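> Mind looking over this structure? Questions follow.
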Amino acid sequence: MKEAKKRNPKIKLIGLPWAFPGWIGNGENWPYDYPDITAYYIVSWILGAKQYHDLDIDYIGIWNERAFSSKYIKLLRYTLDKHGLEQVRIIASDRLWEPISFVMMIDSELHGVVDVIGAHYPGTKTVQNAILTGKKLWSSEDYSTFNNDVGAGCWARILNQNYVNGNMTSTIAWNLVASYYEELPFGRCGLMTAQEPWSGHYKVESPIWITAHTTQFTQPGWSYLQVDGHLEGGGSFVALTDGLGNLTIIVETMSHNHSQCIRPPLPNFSVVPQRATFYLRGSFYMVETLQVWYSRLDFESGKSILFQQLHPVWRGRFSLDLNVDEVYTLTTLKTGWKCEFPEPPPPQPFPSNYRDDFNIRNPPFSEAPNFADQTGVFEYFVNASDPGDHVFTLRQVVVQRPITWVSDADQTISVIGNFKWVNMTVTCDIYIEKPRDGGVFIAGRVDNGGIYVRSTKGVFFWVFADGSYRVTGDLGKQLFAKVDAGIWRCHFDN
C-alpha cells in the first residue's frame, strides 16, 4: 500500500478480512457472536495503519465471501464514528448481490450505513434490488484468471462491461501480482508474475497493459458518462470524465473464446469487424484532439501489440475500424506512457541445494524468504535464552486456531522449494516447545496447499515430543497433535 501511494497518491485503499484471530470468536469459528470485539479489532487495524504506516484506509469490508451480520455492520459504523473514522466507508458484503441488497431494502438503518454494495465475479451483471438501493455498485473482486492473453481478454472485457451491463463503477482484480509458487492454487492468476525471488525474474504480462488503457487515463473520482456502451458488431465502450473538461473513451472488442474468465461461465456471443463512429457533443464538442492508444491480442501469431500510441484523432467526430480482440483508448490526457524497464534476470529453478539458519539480527520482514505459509504463521524469532547455536530461529507463532475463511489444515504447514522434486534430503534442527503433546513434521513431494491444504499429499515424517515418530502419505486428517515447534536450521539437497 505504501508503494502504491508513492506511485499514485489518489489511489484508494480497502481492507477486507478473510479470516479473524481465534480470540475474537472465543473458541468458535464465527466472528459475529461478540460483534463489539470484532468491530474493535477492525477499527484498531485501521488506526494502526495510520499510526504506524501513515496509511489512510478509505473503505472497509465485512467478511470475504462469507455471511454478513446486519447487527455487526451497524455496530462497525458506530465504532468507526466513535473513533473519529467517519470518512471510512463500508462495503458489503463481498459475496453475491443477494441477500445484502434485499436486506438493505427492508432495513433502513442498514441501508444508511452501507456505502457500497460489492459483489464478487458478477459476470458483468447486477440485480434489480441492488440498483434500487441507489448505492454505488462495485465488482469488488474479479478476474482471478491465468495471466496469458486470454486472461488479458477477460480483463479487457469485464473492465468495460461491468459498467456497460451492470452499472458497476469499480472493478478490482484478484490478484495484483502472482508472487507465490505457481503450483499452489490459482497459479499465475495475477496481472503480472514475480514468483522467483531467488532469481529475481519477473514478467510484465499482457493484463498489465490492458489495465493501463483505463488506469493511465482516469483517476478515482472520475465519472462514467451514461451512454449505451454496446457496439453494434459486438464489444463495448465506456466514456469517463473528471468534470473539468477531460474525456477518456475505452473501446474493447474481445471475442468469446479469447476473453473467458475463470468464473462465472461465459454465455456465447459474437464479435465481428466493424466501423464505429463517435460524435463529441455538448461540453465535449470543443475538444480539439484525442490521443490514441491501441492494443491487439494476436492469438494466431502470438505477436500481440500492447499499449502502442497511434496518431491522434480530431475534434467533433471520428471513426474507428475495429477488428476483433482489440482495445482502444481515446483521451484528452497527454500523459500516457509505456514505461521501459530493464530486462529481468533469466528464470531459474529453486536452488537444488538450499540452506537457511535464520541468522539475521534485524530482518526487514517478519517472515523468512521463500517460505509460503499455508496454515499458521512462521516468523523470525530470537531465542535469547538459548546457550548455543540456535539463538536465531524460525518459529510458528499462531497458537490458537483462527476463525478461518476456508478449512485450514489441523496442522500448521509452510511450503518451500520445487514442486518437481522427487528424491531429496531434508535436514532440520528443531525444538518442540510443548514437552508433552507437541510435535513437528518435515515432508517432501508435497502436492498442494491454499484452499486444498487439508487434502495435501506427500511423504510426511512426524516426530513427537514423547519420542515416537510416524511416516504418512498426507497431513494426517486430524490423526496427529497440532504442531508447535521452533525451527532452528534447515538444509535441502535435491
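We number each residue from 1, going along the chain as drawn.
Note: Cβ is positioned from N, Cα and C throughout, glycine not excepted.
Bear in mind that TrEMBL entries carry predicted annotations, made automatically and left uncurated.
So TrEMBL says this about it:
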ACT_SITE  GLU65  active site, proton donor/acceptor
ACT_SITE  GLU141  active site, nucleophile
DOMAIN    1-216  domain 'Glycosyl hydrolase family 59 catalytic'
DOMAIN    224-336  domain 'Glycosyl hydrolase family 59 central'
DOMAIN    373-480  domain 'Glycosyl hydrolase family 59 C-terminal lectin'
> Measuring Cα to Cα, tell me the gap between the residue listed as 'active site, nucleophile' and GLU65 (active site, proton donor/acceptor) in whole angstrom.
10
> Let me spell it out: for each of the active-site residues (GLU65, GLU141), count the other Cβ atoms within 10 Å of that residue's Cβ, using every protein chain shown. Which one has the most?
GLU141
> Which whole-number mean pLDDT does the model give the domain 'Glycosyl hydrolase family 59 C-terminal lectin' (373-480)?
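Per the prediction, mean pLDDT sits at 90 for the domain 'Glycosyl hydrolase family 59 C-terminal lectin' (373-480).
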> DSSP on the domain 'Glycosyl hydrolase family 59 C-terminal lectin' (373-480): how many residues come out helix, how many strand, how many coil?
6 helix, 45 strand, 57 coil
